[in-house]
Amino acid sequence: MAVLKMKFTQQRRVRLAQGLWLLSWLAVTCGAFIFSLGVYIKIELLRRDEVMENKEIHCVPNLLMMVGLASIGANWVASRVCQDSLDASRFPRWKVLLLLWFAVAALLCCLLLTVVILSYALQGRLEESLKVGLRNGIRFYKDTDVPGRCFQKETIDRLQMEFRCCGNNNFKDWFEVQWVSNRYLDFTSQEVKDRIRSNVDGRYLLDGVPFSCCNPASPRPCLQRHLTDSRAHYNYEYQSEELNLYSRGCRQALTDYYMSLMNSTGPGVLSVILIQISVLLSMRYLQTAVEGAMALESPEGESEGYILEKGVKETYADMKAKAVELLKFAQVDPASDGEGGEEGEKEADATEKAATPTPAS
């Protein structure tokens, strides 16, 4: 028994083909949107590639770009099928290709759903990648004359100003690293000597931050040095006063930015999935209705369109049986080959015996 069976006259088939043609071009536009969205997210990730430890999150834009291009091609093919469905001489050439088209369209829907799931599931991986990447970026901030790290300072400064953040977790992360290069330190100064000697690793540590941590919205001139010394500045109390620095860490700022970007793609991608499923189901109705009319040798007569020719259980059983049959066909049974070889040797021996003349008595 066919599932979701409908009757289609010639006029209804024409309307279905016309509606599906418009829906296919809408799906092509959605495919272009998905591809563009993937390109935008990819560019945004590459812009901050230096502060990321790994590139696992790149699988989301990569999938979006791949699915977007495939969707454009598949739905363009669907529009051509709609045009040829009204011509009895041209539609049969699509019969074999439509099987492949249905498989590709179903795969696209699954991949788009995977993108939505990954965009939410990879938040922990993204945060951990940013944590390690930013920690290394802050540590290499001073290496402006080291090949491969010479732009690290500019990257961190621009990042902190653009996202209004400071440090990895907060501004105190700068207290734990030497972020001033030795080439800019006066080693004849007693203060510099004392600070280096007071550190076990011989690093020049400061209770200060780079200029990019300063919050321009603060009414007070920016305090960058001696932030933990309440006596170093007039009318200043370190424990109670709200500092004129960005209070949010860059890891949290970047995580929030990228997750809001990816989460906002969820509703758009789900809408594209619904459109693609509509194209898939409409194409199935059009295919079965046109083939039914051609089988009746009455192109203008009434025919039936359906999603599944049999019930769901019967269709699943048939697909399972075909899959098992294909697997059996692909397997080579060594036992049967051995038995066949033995039988062949026995037949050859019997033939030789029959051909040998019997000696006279």
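These residue numbers are counts, starting from 1, taken along the chain as shown.
Cβ from N, Cα, C; glycine included.
What TrEMBL records for 20-41 (among others) is transmembrane segment. Within the chain, the transmembrane segment (20-41) has long-range Cβ neighbours (under 8 A, six or more residues past its boundaries) at 60-72, 75-76, 78-79, 82-83, 112, 261-262, 265, 268-269, 271-272, 275-276, 278-279, 282-283, 286.
Residues of the same chain lying 6 or more positions beyond the ends of the transmembrane segment (61-78) and with a Cβ under 8 Å from any Cβ of it are 20, 24-25, 27-28, 30-39, 41-42, 45, 97, 101, 104-105, 108, 111-112, 114-115, 118, 265, 269, 272, 276, 279, 283. The feature transmembrane segment is assigned by TrEMBL to 61-78 (among others).
Taken from TrEMBL, the feature transmembrane segment applies to 98-122 (among others).
TrEMBL lists 332-361 with the feature region 'Disordered'.
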